[in-house]
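Chemist: Quick one: this structure, given as C-alpha cells, is what I'll be asking you about.
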C-alpha cells in the first residue's frame, strides 16, 4: 500500500521533518481511500480466487501463510498505578493450531450406514485393495479388487463371478442378513452420499463435484438418505470440474447395469510391479534412472523389461525425471527416445531407388471412412532436439555424416492422384484422407527441392453400409463403423524399435602425408577398425593416429554413441546386440464410431394378388436384399443402379425386403382372390383356383372322373340286370314274362321288341304303369340325396376348437411374435376369466465355444544381421510362422553400408515372422463352434385386470414366476436352429461357414492366422513366407508371402445370416442368439392364483343371439357382429371366442338388462362358424365372409383357418348335389343288378 495514504486501521503516519510554520493552504479535496475500501477490495479478490480454485479438477491444499509480525507502535507513557501484566489474548493475525475438519452431514450419514455393512479387502501385506458390501443376502465386491475380506465370517467365502460385469458375489451368512443393505432402483437427479461426502447424479452419470476419491475406493456404496444402496463404485475418471464415476446400478427388474466413462480407471489399489536392471529389482513406477540423466542406461533398462506386463508404467516413469526443485516442464513423450533415419525407397523423384528421409514403411487402410494411417522414416511433431513441437518435423539429412535436420510440417505432403488432407500426426505416424489413386507419394521440401517416395497401392472411395457412396452425405442415418482415433494419446499397439547398427562414416577418417587419423566430432565416441597387416580396433574421443596404416580405405570409422532408438526397418543393419529391442506405442488406434451414410429414396410399391412390384431409383449402387419368412427363405441380393422395377411373390408367411440403408420392411399376403365363394359354380371355381390352384384342379378332376365312372357303372349295371332277367324268357318259346320283370325291364310281354314299342304299349293299355315306370328312377335319386344330406356332418373333418381347461390351465400358443392368443378359463362357481398370452420374443440361444479369432496379420521384417568374413546360424524362432535363412557371399569388399573387408565370405541372416495386426483388437472375426441350443421366450400374460411379463425357458421343466402366477412352457413343437455347427461372427453379423480347425490354417484362406484372443500368446500362422536372396546393391530383406485370408474372406463372405435365416429370425450376438423366430407352437401351463377369480356376481344373460352384419376375411378385425341379449341385471361381462377360427378384439363389454352390443372380430375363413360366450352364456355365429380388396398388409394374420371353415357352405351344397345325384344313380343301378341276380337265381 502506498505510504502517502493514511490508514486508520494500521499504524500511525510517518513523522514529518521540522519546517517553519506557515499558514495552511486550503487544498482541493482528494478522494481518500479508507481502510474499509481496502478491505472490500481484498475480500473481492479472495472470493474470486476461491471460485476459481473450486473450478479446478482437484482441490489443492491452501498455502501455509506465515504469521504476520505485530506492528511496532509508539511506546505509551507509563502510569503510576500500573496493573500486573496479564496473558495476552490471541489476535486475528496470530497463528492457530490447525484443527481436523469435521465431517459434513452427508459424510456422517454415509459413515454411520457403512459401519457394519462395508468390509475391507486386503492383500497379503495387509494393504487395503478395495471394499465389499453386504446387500440383499449377498456379499458383493468388484472383481478387480483382489485380496481377502477382513472379516472372520467372510474371509473364506467362495465368490461367483458375474456373467455380465466386473462383479462377483457370495452368499451372506444367515446371522448377518439382518444387517445387510437394501438397494433401490430409483435414481432421481439429486445428491447422494458416500464415504467422502456428496455424489451428484445428473444426466445419467454419477460425479463427485469436489474430485475426492481414488485408488482403494473401489467397492464403496453410494447411498440415499434412507440408507439404501443406489450404486457401487468401480472406478473414476478425472474431469473438469470433479470426477466422473464408473458404477453399477440396478433397473426396475433388478438387473445390474454398468455405467462407465471412456477414460475410467479402476480404483483398486494395484500391487506394485517389480522390474529388473543389471540383476537389481526396483518398482517399475520408480526406476533408478531416467532418460534425461542417463540415456544409454535408460534404453538398456527398457530393452531388458520389454516383455514385462508393466512396461508402459516403466516407460512413462523413464520419461519423467522427478526432482525436488521445481523446473520448467518440457514436452516429453515416448518418441523423444527415437530418431529419424534414412530408408530405402524403391521409387524416388528420379523413378529410381534411393535412401529417402521420408520413406513409407507401412500404410493401414482399415478405416471405413477412407482415412489412411501411414508410417514414414521422418518424425512429425518434433523439432531437431527431439522436443515436441506440433508445427515442426525432423528428418535425417543426406550429408556425410548424416545429420538430423528440421523442417516445417507445411513442407510435408501426401499425394495420391491429388493432394491428401492432413488430419493429425505424431512421431513416425500420420493420418490423412486421400482421393482415389493407384499409388501413395510422400513429399518433403528440403532446401528448395522436393524429396519424394512413392509406393504402389490402390486407394479408392470406401463406404460403409449398403450404399456405395463416394462422398459422405451431410444428412442421413448413423450406423456403426471403424475410424482412426485422431487424438495422439491413445495407443493402437506397439511398434518394434532397436538401436541402430554400426554405420561406417567416411568423414571420420583422415589421410595426411601417408598417415591415417581418426577424427571424431566434438562430444562423440568413435570406434575404428583397420586392416593394416594386423587387425586393429579401438574407441577414441579425440584425433588419433593409426599406426601402420597408410591409406584411408584400409580403415572404417563407426559412431559408438547409440542413445536413440530407430524403427526396426529391414533397410538398416541390426545392432551388435541382436536380441535387445524396445517398443513404442502406435498412435491413432482403430475404434468403433458412428458414420453418417445416405438413405436411398423410398421405393414405389404396387401390390397385386400375392405379389408386389418395387420401383427403385438409385443415384449410386444400392443393395436390395429380400427373403421369405417361411421355412424356405429364398434369399436374394442385388446391387442396383439407376431406375429399375423388380417383382416379387408374397406368401401368407410373409416377405421381407431391405432397400439400401433403409430399415427392413415386412409384408404379408392376404387371401384376396377374384370370384365369389358364395356364388355360382363358375364363380366358386374361379375364387378357389386363385387361392389353391393345385387343389382346385385336383378336386375338379376327381369329381369329373367320379361322375363319368358313376354314369358308366350305372349303365353297365342296368344293362347287365336287364339281360340276365330277359335271357331265360327269350330262350323259351311262347313263355309268359312276369308282370314285374316287364315293368322293371321295360319289356313287352307280347310282341314288343323296342323300348318305344314297350312304352307305347303301356301308354295305350295302362297309363298308370307308364307313369310308375318313369317315377321309379326319380324317387331313387331323391331318396339317395336325402340320405347324403343327413350323413354330411359325419363326412366332413373339422378341427376341434382350442379351449382352456378350467383346472389345468393348459393352452397351446402359436409361436408367432407379437401375435396374441386368447382363451377363457371357466371355473365352476366363479366368473369366467379371460386369459390372453402374447409371445413378445422367442430366443434360440445355442451353447457356443470359441475356437479362435483371426484378423489381418502384420509381417515383422527385422533389420538383417550381417556377418563380415564369416557365417551366422539361424536361431530357434518362437514367433508365429517364423522363417529364417542365411545367404552367403552377398556383399562385395567394403561395399556401402556393410563395409566388410572380405570379398565373398560375407553373410546375411534374414528372418521374418507374423504377428496380429495392431488393429486386430477392433477388426477381427471369431470362429465359433455351435452346440445344442436352448429356447427362451418372453411372454406377456393378461388374466383379468392383471398383466405380467415373464422370461421362461421353453423346456417343459423350468418354471417362471411373476408374483403369485407360475408358468411352465415347452418344449417347442419343432426343433429348429438357424445356426450350423460352425459360424463366424464379424462386427455383429453371423455367417454360417465351415472354417478350418485350430492349427490347420491354409495360406490365403480364412484362418491363416489363429489366436485364442487378441492379447493371447498362442498365435498360429501359415502365410507361406519365402525369403529371397538379397541383391548386392543395397541392404534389404526380399520375400514373398500369400495375401491375407481374412481380407479375402471379408470380400467374399456373402450375405449374413440375418438376411438369409428362415422363419424371419433376427440373428444377434453377445450372446449369440436368434430372436423372433416364428416357428412351431408353444405349449404353456399357467397356474393362475385364486385371487384372480371372483365368485359369480356377474349378469346372467338368458337370451343371447349372434348376428354377423359384415365380414371380410384375412384382414385386421374386418368382421362385425351384433350380440342381442336379455340379462337379469346390468354389469360387466367377459366375451370370448371359443374357436381359433375367429378372434375377438374386446375381452369384455358392459351389458344392460336388455339390448345389444357390437363387437369386431378377425378371421381367415370364408365360412366362419364360431361359438361366442358372454358371461358364461354361449351362442353360435355364422359368417359368410367376402375376400379383402387389399392384397398385402404389414402384419401377420391373427387367426388360423380349419378345414370346415376354409370352404363355404355354398360350395359344399354344390358338391353335395352333384356327387349325390351321381351316387344315387350308381346306387339304384347296383340295387337293380342285385335284384336281377337274385331273381334269375331263383328260376334256374
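Any Cβ shown, glycine's included, is placed from N, Cα and C.
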Chemist: Among 160-165, 166-171, 172-177, where does Swiss-Prot put the label region 'Interaction with spike glycoprotein E2'?
Modeler: 160-165
Chemist: Pick from 710-714, 715-719, 720-724: which range does Swiss-Prot record as region 'Interaction with the capsid protein'?
Modeler: 720-724
Chemist: Looking only at the topology recorded in Swiss-Prot, are residue 759 and residue 1153 found on one side of the membrane?
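Modeler: Both are annotated on one side of the bilayer.
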Chemist: If Swiss-Prot is the reference, give me the range from 890-907, 908-925, 926-943, 944-961 marked as region 'E1 fusion peptide loop'.
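Modeler: That would be 890-907, per the region 'E1 fusion peptide loop' entry in Swiss-Prot.
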Chemist: Name the residue range among 252-256, 257-261, 262-266 that Swiss-Prot annotates as region 'Interaction with spike glycoprotein E2'.
Modeler: 252-256
Chemist: 166, 855: which of these recorded positions has the sparsest Cβ neighbourhood within 10 Å?
Modeler: 166
Chemist: Quick check: of the active-site residues listed here (144, 166, 218), which one has the Cα closest to that of residue 279 (N-linked glycosylation site)?
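Modeler: The answer is 144.
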Chemist: Looking at the active-site residues 144, 166, 218, whose Cα is closest in space to that of residue 481 (disulfide bond)?
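Modeler: Out of the listed candidates, the nearest Cα belongs to 166.
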Chemist: For the transmembrane segment (765-785), could you work out the same-chain residues 6 or more beyond its ends whose Cβ comes under 8 Å from its Cβ atoms?
Modeler: 743, 746, 759, 1216-1217, 1220-1221, 1223-1225, 1227-1228, 1231
Chemist: Given the disulfide-bonded residues 869, 902, 1181, find the one whose Cα is closest in space to the Cα of residue 144 (active site, charge relay system).
Modeler: 869
Chemist: Check the Cα-Cα distances from residue 869 (disulfide bond) to the disulfide-bonded residues 549, 555, 884, 1185 and tell me which is shortest.
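Modeler: Minimum Cα distance from residue 869 (disulfide bond) across 549, 555, 884, 1185 lands on 555.
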Chemist: If you average the pLDDT over the region 'Binding to the viral RNA' (85-118), what number do you get?
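Modeler: PLDDT averaged over the stretch: 55.
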Chemist: Spatially speaking, which of the recorded positions 218, 945, 1051, 1133 is closest to residue 1185 (disulfide bond)? Use C-alpha to C-alpha, please.
Modeler: 1133
Chemist: If you draw a 10 Å sphere on the Cβ of residue 1133 (disulfide bond), how many other Cβ atoms land inside?
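Modeler: Within a 10 Å radius of the Cβ of residue 1133 (disulfide bond) lie 24 other Cβ atoms.
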Chemist: Identify which of the recorded positions 218, 525, 647, 945, 1051 has its Cβ surrounded by the largest number of other Cβ atoms within 10 Å, counting every protein chain shown.
Modeler: 218
